[in-house]
Amino acid sequence: MIFYPFVLIALSALFAFVSWRDIRYGLILLAAILPAYLLRFDLGPVPMTLLEAFAFILVAIWLMRTMPLGPKPRDPVPRAWILPIALLLVAASVAVLVAPDHLSALGIWKAYFVEPILVFIVATDTLRRHPEDHRRLLAALGTGGLFVAICAVVQWLTGLGIPAPWDVEGRVVSIFPYPNAVGLYLAPVIVIAASSLRRTAHRSQNAFWILTLVLSSIAIMLSQSEAAIVAIVATLLIAAAAHERTRPFAAFASLLVIFVLLNSPALRDKLTFNDFSGQVRRSQWTETVSLLADHAVLGVGLNGYPSAMVPYHMAEQYEIFQYPHTIVLNVWTELGLLGLVAFALIAYRVLRSCEPVSLRTSPAFLALIAMTIHGLADVPYFKNDLAMMTWILIAVVAASHYASSSRRV
């Protein structure tokens, strides 16, 4: 397409203009257009995405416009987060050296770790200066989710753009290449919408969150993303159980879920990984454990799992996937034990930052819980948009905790 480079340049220039006018607007816009990673191009020998270009523009403008100005916090990142982030970057860098294909590993290194962490720094610093923007940032994530949901519903109504083999199964993919990507993107958005809905008295905001909640829920059902549905239900039950006023409802809903499972062998088989998809997962996990027995310390490097699995792949009726499809094995194979430690420390910092869970941090915190639960049977981080979303949500939690601590002091 002859005009494609000019479109990318125009969009990048527009994003730079918005960010230069106000870094807050640039950050909010970035959060709303995370699927921009689907627009790809090459910058010389380096493969890039439009999302990456926007992230670099945002960070560059933040360095030029924000850092020299005052008043500002002493450090752009809360000190408690420095060690977990440093360990993660070290683990990711080592994983590049371990990987069989260093060039593709470098691409993942920058897209899944360096750029999201840089955006985390910008977001944390910006939200510490302007705590009121956390709602706008979450609404931006909701806006992106609403767009994905609308595309999914339109796709189901028209039947257009569903690639094989998903067209046979009738599973919508929205703007993504496969159906589960819809659930991975929308599950945290639905949790944000549900938890934000009861925190605002503004009719327009309520209308937005209701629309996002309804259409995103429909989109997930149309994509038939079962793990996403389980993650959403489990997270909302946890949220309800955490509040005294809604605890009886959570207890009743939990009993209802148990009753349905006891009387539905098909659902029970899905939750216990005894259906076809579950059997594939269990076979994959067994083979991955065998792989890790020989690569326990360093893993197999970024993007190294598919090729490393070949000697261990006995169940030839199943394909070799890109990742093991469960969160611990995903991290372990890609980043080794140091990566596991880094992610454990990040999870610990998130939990500590949410004690007690405030009105500001609750939607972001619950979204991270949903992504974690979803990760028991899928890959909720190793994807451009999901990695960026994860660190934006962590930034909301970290900055809100800093603001609360400052007020107490």
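Positions of Cβ are set from backbone N, Cα and C atoms, glycine also.
Automatic, uncurated: that is what TrEMBL annotation is.
For reference, TrEMBL has these:
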TRANSMEM  45-64  transmembrane segment
TRANSMEM  80-100  transmembrane segment
TRANSMEM  106-125  transmembrane segment
TRANSMEM  137-158  transmembrane segment
TRANSMEM  178-197  transmembrane segment
TRANSMEM  209-242  transmembrane segment
DOMAIN    211-344  domain 'O-antigen ligase-related'
TRANSMEM  248-267  transmembrane segment
TRANSMEM  288-307  transmembrane segment
TRANSMEM  327-351  transmembrane segment
TRANSMEM  363-382  transmembrane segment
TRANSMEM  388-404  transmembrane segment
Within the domain 'O-antigen ligase-related' (211-344), residues counted as helix, strand or coil by DSSP: 100 helix, 0 strand, 34 coil
The transmembrane segment (388-404) versus listed stretches 45-64, 80-100, 106-125, 137-158, 178-197: most Cβ pairs under 8 Å: 106-125
For the transmembrane segment (106-125), sequence-distant contacts whose Cβ falls under 8 Å of one of its Cβ atoms, 6 or more beyond its ends: 23, 27, 30, 37, 46-47, 49, 52, 55-56, 58-59, 62, 66, 72-73, 76-78, 81, 85, 88-89, 92-93, 95-96, 137, 302-303, 381-384, 387-388, 390-392, 394-396, 398-399, 402
The transmembrane segment (178-197) touching the transmembrane segment (137-158) per 3+ Cβ pairs under 8 Å rule: yes
Same-chain residues near the transmembrane segment (80-100), Cβ under 8 Å, at least 6 residues beyond its ends: 106, 109, 112-114, 117, 120, 124, 298-304, 307-308, 334-336, 338-339, 341-343, 345-346, 348-349, 352, 398
Long-range Cβ neighbours of the transmembrane segment (45-64) (under 8 Å; 6 or more residues past either end): 8, 11-12, 15-16, 19-20, 23, 26-27, 29-30, 33-39, 107, 110-111, 115-116, 118-119, 121-122, 125-126, 384-385, 388
Local confidence of the prediction over the domain 'O-antigen ligase-related' (211-344), expressed as mean pLDDT: 92
